[in-house]
């Protein structure tokens, strides 16, 4: 006699990274084997409790014992006020779950809060009870270190009574577990009594300790809580608490709450009944993932009462309750693990209302969607085979076969809530003796295709290019929006000259957009007309839309085109800096925008006739589009085209120079170019080649032309107007410049001018004065510099040591209170947040909310990478070694009045780095004092600096808050000596400037 039953397989969705783990344990089987003629029913099969029973004459019928509770609707008296439950879809989820033919499993939810009223009428039968503890005997029966912890523990007072004296915790517990009993409110579990609320009190009216929160969270994990609800938080970061949260996650403890910046936690935002983000809510697409109702939430309250409260504290238990509900019903059948797949189900099923755009990363809690999403994990289901049985989820089947018999059974594949993608699973078949030779594996793959949809409105109207000069190019953009759930494909049929468009088919992913660009390049004057026809796969069923010829069978669209060619105007300037495309059959084309490089000022000679480079344009291989890897020797003698990103601008031009290139032409990666200057990352090794950056569309067009075999000649021209001006005070002479221009083309030229000064935060920038700097008048158009500062050093007795930096190498991590004026006109901007590091680096921002810490601590000035708004007093890899007498001192002082009209005439905040050493070279010792004046000036006094051979990597200078501009002084430059004091003032141009500079 032999019995045959199934064992389980595993399935996963292979199209998305989040689904590369096992999504569920599919337990399917197909039986097609032989068995003895006589056999009894396999009682150890999982289906024994549901579909079949032993055959006895006394049994007249077998019937499934279905759940039939609470079918009369919700009669709890406060249900009409529970808008949050209805908005989250709990009622629809209950209806769907009640139709299941199996019971939910018990699930424990730990509520870490102010405690819970244990005798509340609406929480009876919903409290967790420690099965290993005998109430009231004064003995630690289960040996967990807590005596009589029957329903939880009070970590605030250190006793076994976690009763609530505040109401907050009872309110949160009611949102999760209030009974559906005709009284009061209904919690997340509705009519199911499978929830167990574990009361863990660590908060009191005075708040709670981080250590108690950690103990409570560890207790929850050790005592079997699957979910924990944490409606609390604080401003300070705790590594110990973060570790406890992570341990809880790894222990299947799901944490849907603040601390939002802990990776293992799920952060919740609060919404109102009017479909708005609550004004008190958490927000931020980088940290807040899900939103739930949080305003006017009715729930249980102390005193056996009910109350309506508002807060993210009320939103959190909605999410915790939803997670527990789904885990209770589906965790052992559909969901692979609480902390991983359950989290994914919450986020993947979220609704996406528009009012949460930009505030929350995923959307609004949808509990019914969670149930459907969890069901979809079990997309492969076995139907009941002849003479056999199948469990309620369709994942385990058993069948009895006669000897040499066979049976066919069916599968149900797919689910209405499955997303587009490819899914894989396998079915394991084995006999009841589980012998390896009896096992068989049947692989199953399911691919779900979507249908694309391109609205006809995309192709309405005319592509009117207007008047386009000969040699020029008119461009019109068609934005293709795919509102379907399958990949859309669009093919523009070939266009007659002078019109042109992409020659290849373009694809648009679901709910994404792509720009298709059509151009007009007239070769003669006159009117041109044409028609652009588009073949698409829009409107086709999913399978047909994926075929190779789908763009010929889907919806077809057309757009009329019009373009008028004219004689080209051409503006030529006698002083010009930028990139130019030379054209053999026409006038040169000047690129706009065209961003210059800061390092060109180091070798620019405005009077030299050889201030431009002309060479053919070369493109790099596809594996090095950003130009951050060494180039092939084929770029020698060329101007090299690379994209922005991947490395610094300076690194790109250095690699071009190393390969024998003559210059760099970069193209932006952003749709709109806003950068005004490409910065020098390392002034000690400034490049000697020119470089400019053009727009993304211009760069891609150049790349396409070169790849098609066209030879393009590019000129990089550097002939600026140089104005010698420093601090023109009232009555001082202005600086003037002249710009000659002419129209060399055949068309009418319209022109305008705009003075784009390189300024600090759109107003002004800094200059620097130090001993030895030229500060005398060099002519009527050159204003004198202010006098250099005198050496001085603030005595330690006037300052206070910040012991935080002792024996540490810390990044920006300490806040110094100060009130400083930024370098703005009328000193309108005030900096109140000053961050210090041990590396001789100081960052300034208007307040703590605008400071961004970032990760750029490698000594690059300027760099758009955070942090920005930097003052590099002496930026190097320094540390404060107590054995060298190191101290970081801070304080404030008002120094003697400086010369009238100069800067530094105000109180100063002082940051003094005394005897800091290089991390890897203890002989390199630095002592520098930074004085941050309230009027915006900054003074640096150096008492001790390393020798020149030890300071090549150091930076001294200042960076704008945008990170786009800087002013640096090379550490080996004139005036910095290791055997004498050095001092300098960095001052605002606008402090003595009566009006902005103008060009006439």
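The backbone N, Cα and C atoms fix where each Cβ goes, glycine too.
Note: TrEMBL annotation is automatic and uncurated.
Taken from TrEMBL, the feature active site, charge relay system covers 113, 168, 313. The domain 'Peptidase S8/S53' annotation in TrEMBL covers 107-354. Marked as domain 'HYDIN/VesB/CFA65-like Ig-like' by TrEMBL: 462-538. According to TrEMBL, the domain 'PA' annotation covers 613-702.
Residues near residue 113 (active site, charge relay system) in space but far in sequence (CB under 8 A, at least 6 apart, same chain), listed by position: 164, 168, 169, 172, 173, 200, 201, 202, 203, 229, 230, 231, 232. Summarised by DSSP class, the composition of the domain 'HYDIN/VesB/CFA65-like Ig-like' (462-538) is 0 helix, 44 strand, 33 coil. Applying an 8 A CB threshold to same-chain residues 6+ apart, the list for residue 313 (active site, charge relay system) reads 168, 171, 172, 231, 232, 294. Helix first, then strand, then coil: DSSP counts for the domain 'PA' (613-702) stand at 26 helix, 22 strand, 42 coil. All chains included, 21 other C-beta atoms sit within 10 angstroms of the C-beta of residue 168 (active site, charge relay system).
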